[in-house]
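Undergrad: Can you read through this structure? Questions will come right after.
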C-alpha cells in the first residue's frame, strides 16, 4: 500500500484532508518506523501549507479568528479553573488528611452545586414572574426578621403566601403566565430532576468505587502515578504528600489485622454494643418526645399572640434552638459511645455513628413533619403554608449557626484543652459521621421547605458556602490526621445513598401529602380556593379538553400519568433491567477472579 510514488501522494492527500486529531491518530497507527512516520508528517504539513496559500484572504481571516477565539476560550477556561475556590483546597485536604476527610468536603461541594441549581430553577420560573405582579411591602424592616423569618420577610417572595393566584399578563391580549401551573410544575419537575441526579450519581459512584481492582495495591501505584508535567515546587510537594497518603491507605487495607477474641471477650463486647444501642435509641426517643410536646406548646403560644407581632414570633425561636441543641449535643454522645465500643476499624466506627445519627435526625424531622402537616395545617392560621415556611427557615438558620458553633466548641476549644490543659488528649480528629449527618439534615429541611419557601435553597446555598471555608480552616488549624490510616473508596457512595434513601424518599412522601391531601389556605398563596394543590392541574386538563390542538396532552395525562397500569409496567421494566445488569456485574466479577488466578499462575 505504501510502495510507489502515486500511492504515497494519495496517502498524503488523504491525511491532509483530515482534522488535526484524526491525522495524528492515523499516523500513530501506521505500521511504519518512526523515521518514515516523520517523513510522512512533513509531507502532509507541506501539503496543508501549500493548499492554505490557495485559499482566499477572507477564508484565512475566518480561520485565524476561529483559532484566536479557541485560544481565548481555553485561556479563559484555565483562568476560571484556577479561580474556582476549592480546587486547590481539596487537593491539600486529601494530601494532609486522606480520602476519609476529603470525602466530607467533596460531598459538601456536591450539595452546594445542588442548591445552586435548585435556586436558579425556582428563581427563574417562580420568583421573577411574581416580581411583575408584586404589591409594595409597607412593613418596616428592623433586621431581627433575618433571624425570625417573620415581619417584613413575611410579605416577600421568600414565602408561599406572598405569591398570587392570578394569571400574569403585562400586555392586553398578550402572552400570559399562569402562576398556579408554574408553581406546581416547577416544584414537580425539580424533584423529578433531583431523583434522576441522585440515582445516576449513586450508580456512577458505585461503579467507580466498588471496583474490585480499586482495592489492589501494586507497583503501578508507585511507578505509574507521577505526573512529569509538574514543575512547580509547591505542586511537587503536594503531589508527593498525596501519593504518600494513598500508598499508606492502600497498605493499611492490605495489612488489615483480624483480631481473635476469647469467648468472654466476645460476650463482653456484645454486651457493650447492646448497651450502646439501647442508650442511643432511648436518647433518640426521648428527644423526639420532647420536640413533639414543645412544638404543640409553640403553636399555642403563636395562636394566642398577635400573628404579626414580631416579639411573639421571636418566642418561636425556642423550637429551632432546642432542636438544634439536641442535634448538636446528642451526636457527641454517640461519638463517645463509639469510642467505648472500640471497633476494629475506623470505617466500622464511622458507619455505626452515622446510622445512629440518622435515626436521631430523621426521627426528629418526622415528628416535625407530623406537626406541620396535621396540626399546623389544621389550625386557625390564615396562611398555614407561610407559618410552616417560617418554621423551616428558622430551623435552617439556627442549624447553620449551631454548625459554626460546633466547629468552635467541638474543635477549637478541644484543641486548646488537648494542647495546653491535658496534653495526653492531643488534637481532635475530624468527626466525619457527625458532620456528614449535619449536611444531610440541612438538605432534608431545604427539600421539605421548597413548596412553602421557594427561595430556601438560596439561603442554604449561602450557608453551605460559609460552612465549607469554616470547616476547612477549623480542620487545618485544630484537627490532626486520622491516627489509623484507612481507605474509604465507598464513602461518597454511602453518603449519596443516605441522602437518597431515608432523606429524599421521605421528602417525596411529605410533598405528596402536601400536594394531594391537604387543602390550601383560603386567603393566601397561588392555590387559594382550591381543594388541593393538585386540583390546579386537573382544572387545566379540563380546559385543554376543549382544544383540539391539545388533545395529545390530555391523552398523556389520562393514559400515562394517572394510569396505575403504566407505572406498574414501567416499574416491572426497571426491575428487569436492574436484574440483567446485576447478572452482568456478577459475570464480570467472576471473569475478573479467573483472570487474576491466571495471572498468579
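Every residue, even glycine, has its Cβ placed from backbone N, Cα and C.
Remember, TrEMBL labels are computer predictions, not curated facts.
Bear in mind that the values here come from a model prediction, so they are computed numbers and not experimental data.
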Undergrad: Kindly point out the range from 418-436, 437-455, 456-474 that TrEMBL annotates with transmembrane segment.
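TA: It is 456-474 that TrEMBL describes as transmembrane segment.
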Undergrad: TrEMBL lists transmembrane segment for one of the ranges 565-582, 583-600; which is that range?
TA: 565-582
Undergrad: When you get a sec, could you say which of 231-252, 495-516, 517-538 is annotated transmembrane segment by TrEMBL?
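TA: Per TrEMBL, the stretch marked transmembrane segment is 495-516.
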Undergrad: Which residues of the same chain, at least 6 past either end of the transmembrane segment (315-338), have a Cβ under 8 Å from a Cβ in it?
TA: 147-148, 150, 276, 279-280, 283-284, 287, 290-291, 294-295, 298, 301-302, 305, 349, 352-353, 356-357, 360-361, 364, 368, 390-391, 394-395, 397-399, 401-402, 405-406, 410, 431, 433-434, 437-438, 441
Undergrad: Would you say the transmembrane segment (350-373) and the transmembrane segment (274-295) are touching, if the rule is that at least three C-beta pairs must lie under 8 angstroms and be 6 or more residues apart?
TA: yes
Undergrad: Any residues 6+ beyond the ends of the transmembrane segment (350-373) with a Cβ under 8 Å from its own?
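TA: Residues 100, 277, 280-281, 283-285, 287-288, 291-292, 295-296, 299, 323, 326-327, 330-331, 334-335, 337-338, 341, 343, 388, 391, 395, 431-434, 436-437, 440-441, 444-445, 448, 494, 498, 502-503, 506, 510, 513-514, 518 contact the transmembrane segment (350-373) from elsewhere in the chain.
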Undergrad: Give the nonlocal contacts of the transmembrane segment (181-200) in its own chain as ranges (CB under 8 Å, at least six residues past its ends).
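TA: For the transmembrane segment (181-200), the nonlocal Cβ contacts are 114, 118, 121-122, 125-126, 129, 163, 447, 450-451, 454, 496, 499-500, 504, 507-508, 511, 515, 526-527, 533-534, 536-537, 540.
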